[in-house]
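In what follows, a structure is listed as structure tokens, so that the remarks can point back to it.
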Amino acid sequence: MNLWLSIAYYIHDFSSVVWMMDVEETSSLPLPDAFLNFLNQHGLDPSIYTATDSTPRYIRLKPGYEDCLEEIETDIRCKLEKVCWLPNFYYLPPDVRIASSKAYQEGKMYGIDAASGAAVTALDISVGDHVLDLCSAPGAKICMMLDILGSSGSVTGVDIAKHRLAACRTMLQKYSLGDHCRLFVADGTNFSLLPVRVRSDSPLQNENADEFASGENSEVYREWKSRRPWKERKKEAIAREKGVSKLFSPTQEPELIFYGRYSGVVGMRKNVLYQKMRISEVLQLGYDKVLVDAECTHDGSIKHVQKFEQWGWTTLERRVLDAERIDNLTVLQLQLLTNGFRLLRVGGVLVYSTCSLTFAQNEDVVERFLSENTSAELLEITAAKNWPCKSGRIQKTLRFDPLTSSTSGLFVAKFTKLTI
């Protein structure tokens with residue numbers, strides 16, 4: 001089993017469980033010695049993990065629903081306080097449940113931590129941009145990207161776990177944000193498909209079709225339907241019976257599980273969509289913006305850490321504190337960052353982030369990446385002028401944590417690609 005798959009088996013299954021579980025009351029149990037030693041080794045302040053009671057829950061209100069604020073507050077029986085440094089974001093007490101509210105079910109708002117919103121904001125997404133989200137599940141960040149783009153450009157979401165990317169697809173449908181999006185189950189370390197640069201008001205791309213294509217490659221993508229063809233459903237049923245993994249195999253080509261009407265896919269032949277591009281073409285036709293919110297140990301996500309009080313601290317030692325696992329993760333993180341940068345056009349912007357607070361998964365990865373990529377340059381995050389965060393160990397990088405920011409922990413670095 002390769003490195004990416006072995007890590008993904010743990011990360012995706014674990015993250016999926018935490019994502020679906022409700023936030024519990026903060027426990028008064030002290031942190032175990034093994035975790036305190038881990039924090040000490042990585043220069044982290046244990047007091048960060050005492051701020052869970054005061055760290056609020058965040059939601060993003062979909063554009064156009066600002067006038068519904070009082071109605072939403074009545075619905076959830078709680079006042080929404082505006083986040084002054086992040087547009088369309090509001091905060092509320094951590095124990096307030098929103099999933100059963102009418103506003104949530106009708107797609108007027110979605111939960112996303114303010115720090116994650118800051119990472120998306122750092123991309124400086126502009127009208128018409130083609131954006132790549134290389135680790136996109138479960139979908140809140142990709143929803144925010146599409147909200148910003150409106151009826152222009154496109155977003156390509158990639159994730160290695162099909163069941164988690166399916167949850168992302170469900171979010172897009174719930175919030176009616178899928179028209180300019182396509183989702184691929186794929187290995188983010190070697191994904192290589194470029195955006196389809198077309199007019200946003202032109203759903204058909206028959207001019208790209210290869211008249212000599214035949215067989216499966218001659219397939220023309222019709223408008224996507226939520227009910228998949230019978231043959232596709234039968235194939236998946238057989239795979240389930242055989243116990244086939246939900247995770248993508250590196251020998252597979254990327255699997256397209258969703259595409260919107262204006263994503264550039266409708267009317268295109270499969271062989272054209274999957275064609276390989278030369279490096280010179282990538283430099284000019286690559287993505288305008290790339291987000292690499294890389295897999296990590298999640299030690300900066302306080303709610304993740306809290307779960308181990310229920311599951312047992314020995315599980316934490318095995319899943320988070322194991323030195324070999326961290327070493328494997330840093331290799332994976334560098335591979336994801338490197339591939340995301342490879343797919344970026346010259347002059348484009350890439351944001352690298354993790355919800356780990358360790359130097360090994362953040363600044364150390366950035367330093368190695370810069371040493372290996374002479375066309376990469378760190379950028380100042382100009383939007384962060386009024387953000388409640390700290391500078392990272394490397395100049396121009398940022399760190400969020402519960403004590404400083406009243407958010408979950410997050411590291412953010414912003415790059416551009418130079419002409420060499």
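Glycine too: its Cβ is placed from the backbone N, Cα and C atoms.
Lifted from TrEMBL, the feature list:
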- 44-418: domain 'SAM-dependent MTase RsmB/NOP-type' (DOMAIN)
- Asp159, Asp187, Asp293: S-adenosyl-L-methionine binding site (BINDING)
- Cys355: active site, nucleophile (ACT_SITE)
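A map of TrEMBL features onto the structure.
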| residue | record | contacts (Cβ under 8 Å, 6+ apart) |
| --- | --- | --- |
| Asp159 | S-adenosyl-L-methionine binding site | Cys135, Ser136, Ala137, Leu165, Cys168, Leu183, Val185, Ala186, Gly188 |
| Asp293 | S-adenosyl-L-methionine binding site | Ser116, Ala119, Asp133, Leu134, Cys135, Lys141, Ser353, Thr354 |
| Cys355 | active site, nucleophile | Ala115, Cys296, His298, Asp299, Gly300, Ser301, His304, Ser408, Gly409, Leu410 |
Between the two most distant Cα atoms of the S-adenosyl-L-methionine-binding residues Asp159, Asp187, Asp293, the distance in Å is 14
Row Asp187 (S-adenosyl-L-methionine binding site), column other C-beta within 10 angstroms, all chains, value 24
If you take the centroid of the Cβ atoms of Asp159, Asp187, Asp293, the listed S-adenosyl-L-methionine site, which other residues of that chain have their Cβ within 8 Å of it?
-> Leu134, Cys135, Ser136, Ala137, Val158, Ile160, Ala186, Gly188, Glu295, Leu336
